[in-house]
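> TrEMBL lists these features:
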DOMAIN    1-254  domain 'G-protein coupled receptors family 1 profile'
TRANSMEM  17-40  transmembrane segment
TRANSMEM  60-79  transmembrane segment
TRANSMEM  100-122  transmembrane segment
TRANSMEM  142-167  transmembrane segment
TRANSMEM  198-217  transmembrane segment
TRANSMEM  232-256  transmembrane segment
Amino acid sequence: CTVIFTRIMTKDLHKPISILFFNLALSDLFTSFSGFWISVLFITNPDITIFGSEDMLAPYALYTVSILSTIYNLVSIGIERYLAVAKIMRTRIRVTRNHSIAVVLTNWVLAFFFGCLPLMGWNCLHKEKYLSVLYSPFCVNYLIFIAIPNVVIAFLIPLFTYLRIIIILRKRKQRMKACGQATGTYKSAEIQVARTSIFIWLLALISYAPFFAGVILDATNYRCHSDLYPGIYIFRNCTAMLITMNCLGNPIIYTLKNKTLEAKLKALKCISIHHIRACTI
């Protein structure tokens with residue numbers, strides 16, 4: 001909420017990458033709210049979150065939509081950063097504000113389409129076969145259909161984009177060194193990108209790998225709900241907590257570390273107009 005409020009108040013941050021950052025914060029907020037909805041249902045009526053019910057279709061569908069939207073936004077940010085750095089070498093590549101808006105709309109359309117498939121009929125509400133143990137009344141084949149491609153997208157595309165960014169910066173630094181020019185800026189940028197990419201990978205790995213392992217376990221398991229209670233459901237709750245931690249980590253990595261945004265946050269905390277001007281200067 002802090003990131004969203006700050007970006008709304010600071011019009012000079014409405015750049016293509018800022019639009020993606022804003023949408024990422026919105027997706028993370030959406031994930032937190034949908035997860036809170038599921039938590040309330042678990043507190044009020046735990047049986048429906050364990051054995052499945054029609055009341056769980058909508059919360060799980062919205063939770064899936066929010067997670068998919070977050071993944072697509074993370075991938076979009078990585079691609080945008082790659083194109084921004086590649087623009088140094090190829091001046092024809094340029095990401096505009098309209099491009100970012102189109103990407104944001106496409107991400108939400110894809111997330112809603114894939115996430116709402118259970119509401120359109122792809123569920124095991126009245127079927128015992130292929131019923132998910134962890135996320136009833138979802139079907140196991142639906143979870144596999146959603147999890148495997150998106151895990152590949154979430155890990156491989158950011159790996160390619162950030163490695164390419166580091167390679168481009170290193171080549172640029174070597175060319176400048178060959179010409180006898182200072183390379184301190186490119187060395188600093190290369191270190192910063194490398195650190196950020198490591199943080200992104202570790203956060204994504206810690207957040208989504210247990211969920212993916214749970215889907216694989218769900219697909220290979222044929223026992224009843226009561227046989228796996230309570231251990232498997234404690235594991236499910238832990239995976240949900242890790243996904244929520246991802247929602248907390250994304251603003252820190254992508255936005256709160258931004259020096260311009262950090263200065264704006266300090267300016268918004270100032271009470272008087274003179275203090276605001278002083279902070280801005």
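Cβ coordinates come from backbone N, Cα and C, glycine included.
Because TrEMBL annotations are produced automatically, they should be read as predictions rather than curated entries.
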> Looking at the domain 'G-protein coupled receptors family 1 profile' (1-254) alone, can you tell me the average pLDDT?
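In the predicted model, the domain 'G-protein coupled receptors family 1 profile' (1-254) has a mean pLDDT of 79.
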> Based on Cβ pairs under 8 Å, which of the stretches 17-40, 60-79, 100-122, 142-167 lies most in contact with the transmembrane segment (198-217)?
142-167
> Where else in the chain does the transmembrane segment (232-256) make close Cβ contacts, counting only residues six or more beyond its ends and a cut-off under 8 Å?
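Residues packing against the transmembrane segment (232-256) from afar: 2-3, 7, 21, 24-25, 28-29, 31-32, 35, 38, 50, 67, 70, 74, 77, 133-135, 196, 199-200, 203-204, 206-208, 210-211, 214, 217, 262, 265.
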